[in-house]
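Chemist: Could you have a look at this structure, given as structure tokens, before my questions?
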Amino acid sequence: MSVEAYGPSSQTLTFLDTEETELLGADTQGSEYDFTDFTLPSQTQTQGHTQSQLDNQLNGPDDGLHNGGMDDSVAKASQLLAELNFEEDEEDTYYTKDLPVHACRSYCGIHDPACVVYCNTSKKWFCNGRGNTSGSHIVNHLVRAKCKEVTLHKDGPLGETVLECYNCGCRNVFLLGFIPAKADSVVVLLCRQPCASQSSLKDINWDSSQWQPLIQDRCFLSWLVKIPSEQEQLRARQITAQQINKLEELWKDNPCATLEDLEKPGVDEEPQHVLLRYEDAYQYQNIFGPLVKLEADYDKKLKESQTQDNITVRWDLGLNKKRIAYFTLPKTDSDMRLMQGDEICLRYKGDLAPLWKGIGHVIKVPDSYGDEIAIELRTSVGAPVEIPHNYQVDFVWKSTSFDRMQSALKTFAVDETSVSGYIYHKLLGHEVEDVTIKCQLPKRFTANGLPDLNHSQVYAVKTVLQRPLSLIQGPPGTGKTVTSATIVYHLSRQGNGPVLVCAPSNIAVDQLTEKIDKTGLKVVRLCAKSREAIESPVSFLALHNQISNMDSMPELQKLQQLKDETGELSSADEKRYRALKRTAERELLMNADVIWCTCVRAGDPRLAKMQFRSILIDESTQATEPKCIGPVELGAKQLILGEITASWSCVMCKKAAKAGLSQSLFERLVVLGIRPIRLQVQYRMHPALSAFPSNIFYEGSLQNGVTAGDRIKKGFDFQWPQPEKPMFFYVTQGQEEIASSGTSYLNRTEAANVEKITTRLLKAGAKPDQIGIITPYEGQRSYLVQYMQFSGSLHTKLYQVEIASVDAFQGREKDFIILSCVRANEHQGIGFLNDPRRLNVALTRAKYGVIIVGNPKALSKQPLWNNLLNNYKEQKVLVEGPLNNLRESLMQFSKPRKLVNTINPRFMSTAMYDAREALIPGSAYDRSNTGGRPSNMYFQTHDQIGMIGAAASHLAALNIPIPFNLVMPPMPPPSYQGQTNGPAAGRGAMKGKSGRGGRQRIQWFWEPGGWSHAKQSDQPGWGFPVILSGATDTGLHLHEPAFPDEPARTLPARALPWDSYLGDEFKSQIDVALSQDSTYQGERAYQHGGVTGLSQY
């Protein structure tokens, strides 16, 4: 076995036998462990004439004008200029024809053998220069193309070498690094894990602490691959990051594509962007339908490309007698996230048994305690359970969720019974008069079995019950789940049929279901068949489990028992079993008080013939708009959208996200002027922990429902730098590294410090399940899991703390939170940490204490983090040094910029360059006269380069980019609200939705005597008395004035979470806009280009 090393000559890579000790003493480096000086003179090839030669040709010798005369000189200069122009015309030909094979021809054209690297997967050469991008061209390509193996050029300083680990042969360049060894004359390439961390390295005199990655700051180390000089890069073809992104996308379908192909028509065609207002539901469907298809196509392509070979399987038998396969997948660079219930195809490809294939669904996903995945097979007939090796895993793509979204969009457009007229027009952005539902309000708003409500929660419940459309905003720890459950309780008690409650995720559904079950209502949890075997706290409420316990259908129970024991039924029994099961499902659903499901599950055929008057969608900002339409089109006449302020929807397809699919329905309605009701009292955080989030994200409106004394943990002995403030920022100087996937980051120094802090917390009395470690990067999460298990000083079981991403911690809490920031670089920015929503989530998860571990120098360049660091420094909790002797850091930061809001100076800037602001031309969010598109860096996508870093310069340099849905934004200026009453300006009268030939379908409706069915032509009415805007009999005015000091409110000002406006120029206009009256004359009638009235909503 030989090791790659620098031999006596610095011109070649020498392979040395480890036994030849006489060669190991050669000193080839001038400085200790410093290989950055190892560079060679570039083998520069002239590109055309040099500037000096051209100058000489144009000007001629000094005496040219005297000897040849003026005319001859001019003629000669003209001829040379013509030749020069001809050379410019041929510039593109130079890049395509005259470049050698090893040139970075796809990008810039640089072809110095010392500067280029060969991608073994794509079979293309790329240089190590940055050009106009934040990383080198080779690293840009490796990340975007998801490649990992490279070869150096044969004429380069190290010869033709495939970079690989000396110990295990790993060729993933994102894992590879080097260790100086044996008297500094040899460098050994080793992978980060596990080889570089093995203790056996000390036996051969290799110091693992000196391990450094081959790629730093998104460039290969200069001693390994030369970085082209600035002059060379200026002479090369200039290619932008945007062109690189488009070209890489094009290569997925056409590997031979060139930059010239980007100019062809149709290559970069963008879908139609979402609108703020829609003329009708047909336009709505025509815009969102293609975006849903884009997302579906991307998701399908992503899943079908995830095949993994050479998988080792561990077989087991479940309690239900079904086979379970356990296996671990290699670390992938995919955006795809495996979820419980996903389908996987497992194949045996070996020679020891017949070929076999089985389908199963995921019942266990990787977590903080291990990376093992478990699937439960539908049938295990023929499965080679005795053989552990040679398996292949395929991800099964199912179009169900996308099909249901498309179906919901179509139903919303063509079926008049799908939603009330009022909600229909409100969702489309039409100008309609606000209405109030006249209902019997409860004398006591607190629901049975739930905690008492505070003033803002009572106000929220009271207001929601009287409105057909409401938005609820719940900052962290303010009890939004309890408030939502209370609202559902009172809606169900009104006797208007079951209430449908949905959320984007199963976790959110389960949390809310658990609360409402305590009230004693009849609750049914509807879930996918693939999730029926997955345990949750509310499994007993699931429809399939309730059917199993129905005493009224003994025949069904017998058939179910027989099927569980034998695995299958005869044809006749199976037919009878399905019929009985459908009857039981229908009976349970129709007798339920509340039905719970995910937004996509609302399109389940079992709900197809039911309609729901009251629908609540929780955490609606986590769902795209088409997902929300699924529940809404089931007959919504009263719609409540709940929102956790730090949430966001995830759209994988970049094109769809840029077109606005990532914008939620909640956000668009806020932009349209529907004011959310905000809860104000938080019960989670120590007051010291809530101060910064309250002031920055919630305009100081959060009130503390707990005292500092309530948040002193008994039996916990931990020395905080400031005892009355259980928080600190631990200064760490480590450098970030690209993770093995190439699309994420890790920071080994931070990981070591996080382990030390965790150990101190455990020794101080905290339990593992009371500690949460948050990091924005999957690379750091995975590295921390392994580091804690193998390098922790305590028993491994004590390190079973939850380590997860910011997204995974949404809506949850821990006693103590440790935040690992990861980012530490000179050129790349701070990536995910730019997103204030993620910072808000991270800072608001803890009850008793928060510890941030990061590099202040890198973070302080971003305005929001600069504010945070200055805040911590002022409070003397910015510390450094050993944990047992922390001292205040002396680091200085620039003075934080003043936070300014152009409409409402009382609040901070709400500028975030995203779809929702760009939709309002001329508003505070529009930074151009043309309503230009926002910066791509703020679209919520999972683009790989976006994960690694964003451009350092953007329009938000003067403001902190707080997202729209983080704060309660000012209402759009009335001058925009009233521009000819909506999108039909200048078009005359609009056609209403009535009479548009919808399809007929049998539907079930709730009447006082119970469920009945009718066709859409004889659909019963709303059943609730409706009054126009004005004072209700309860004394609550629906149209509150814009200023809390005005006398129209009957509740105390502190109980009203609506924000005030200080802009006098908008006061009178807003009051007028909020008090317009009209007469309702028809179902969905329009008049003078706007909606004038609705008799049924």
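Numbering starts at 1 and runs along the chain as displayed.
Just so you know, glycine gets a Cβ as well, placed from its N, Cα and C.
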Chemist: Using only what Swiss-Prot says about ATP binding by Q457, G474, P475, P476, G477, T478, G479, K480, T481, E813, identify which of Y348, Y577, Y683, Y730 is listed for that site too.
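Modeler: Matched candidate out of Y348, Y577, Y683, Y730, per Swiss-Prot for ATP with Q457, G474, P475, P476, G477, T478, G479, K480, T481, E813: Y683.
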Chemist: Could you tell me which three-state DSSP class H137 (Zn(2+) 1 binding site) falls into?
Modeler: helix
Chemist: Using all protein chains in view, find how many other C-beta atoms are within 10 Å of the C-beta of C108 (Zn(2+) 1 binding site).
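Modeler: Looking across every protein chain shown, the total is 26.
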Chemist: When the region 'C4' (165-195) is classified with DSSP, how many of its residues are helical, how many are strand and how many are coil?
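Modeler: Each residue of the region 'C4' (165-195) counted once, the result is 1 helix, 12 strand, 18 coil.
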Chemist: Around the Cβ of H137 (Zn(2+) 1 binding site), how many other Cβ atoms lie within 10 Å? Please give the count over every shown protein chain.
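Modeler: So the number of other Cβ atoms within 10 Å of H137 (Zn(2+) 1 binding site) is 28.
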Chemist: Count the other Cβ atoms sitting within 10 Å of the Cβ of C127 (Zn(2+) 1 binding site), across every protein chain shown.
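Modeler: Cβ-Cβ neighbours of C127 (Zn(2+) 1 binding site) within 10 Å number 29.
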Chemist: Setting C104, C108, C127, H137 aside, what same-chain residues sit with their Cβ within 8 Å of the center of the Cβ atoms that define the Zn(2+) 1 site, listed in sequence order?
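Modeler: So the extra residues in range turn out to be S106, Y107, G109, I110, C115, V116, F126, N128, G129, G131, S136, I138, P228, A236.
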Chemist: Taking DSSP three-state, what's C104 (Zn(2+) 1 binding site) in: helix, strand or coil?
Modeler: coil
Chemist: Taking the Cβ of C104 (Zn(2+) 1 binding site) as the centre, count every other Cβ atom within 10 Å, in any protein chain shown.
Modeler: 29
